[in-house]
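Okay, structure first, notes after.
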Amino acid sequence: MSDFVELVNTSKNTKFDVVSVPSSSLVASHYNAIPEIGIQKRNNSSILHLRNLNNWMKSMLIADTLDRLKSQSEKFGWEQIRVLDLACGKGGDLRKWRVGGIDEIVMTDIAEVSLQDCRDRFNRMRDRRTRRLPFNAHFVQADLIEVDLPDCLPKEAPKQFEIASCQFALHYAFRSEQSARKMIENCTKMIQAGGYFIGTITNASAIVQYLRKSSGNFSNRVCSVSLGNNFSLDEESPIPLFGAEIRFRLEGVVDCPEYLCYFPLLQ
């Protein structure tokens, strides 16, 4: 039997909102407060190998999806590859998109400081000889669980995309059914026919098993995960599909409330 509430309970008429969940402003404030440390300090970080693993996974996912898109371009009449990068943070995937040879991108994030760092990183990608940038880019600050993203895009930005990507961030939207639906709508509504949505999330079921084995709190020298206040690890008590809060701390990167995203529900 699943650890989570039965999926039959996920109709539009059923709400799983949890009272007193942290607002999006808390997440934005947290990421705005993380300084840009530069390549040298990142290379000396104790989580370097974890970063490398995450980047490798994203690189493979992005490269494979772009290969599929290019093989289908004639079938769907695509003349360009346009990307919507949701919750882009400081722009850690910009080089991956450059390697993939895209034509245009819209970068969105809730955190203004992170988005400025992203813009600065993009501007450093100019060709040293020609001073040209690798592709067109637009930067949009938006709370993707509150707004209709098409209404926030600048006039010159594309309104349809061949690929949308949300890496290690989709779970923040699962604080309530309403916020999750809005986030997924923003992720998918502007994808062209035949296009792709790609994303990376943690394994909620595995996290629950770790928490149960460690009485609600497990850690090592660089990270820790603890149980929020709004659900029980009792095996007789199903975990809510929305608002199942955990506290994840990762050295120098993350320390704010997050929510479990049950993959069968997302599907």
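Even glycines carry a Cβ here, placed using N, Cα and C.
The domain 'MRNA cap 0 methyltransferase' annotation in TrEMBL covers 45-267.
Every protein chain considered, the tally of other Cβ atoms within 10 Å of the Cβ of Ala87 (S-adenosyl-L-methionine binding site) stands at 25. According to DSSP, Ala87 (S-adenosyl-L-methionine binding site) sits in a coil region rather than a helix or strand. Residues or ranges marked as S-adenosyl-L-methionine binding site in TrEMBL: Lys58, Ala87, Asp109, Asp143, Gln167, Tyr172.
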#### Entry: Number of Cβ atoms other than its own within 10 Å, given for Asp109 (S-adenosyl-L-methionine binding site)
28
### Task
Ten-angstrom check, please: count other Cβ atoms within 10 Å of the Cβ of Asp143 (S-adenosyl-L-methionine binding site), all chains counted.
20
### Query
Long-range same-chain neighbours of Gln167 (S-adenosyl-L-methionine binding site), Cβ under 8 Å, sequence gap at least 6?
Lys58, Ala87, Asp93, Gly199, Thr200
### Query
For the S-adenosyl-L-methionine site made of Lys58, Ala87, Asp109, Asp143, Gln167, Tyr172, how many Å separate the two farthest Cα atoms?
23
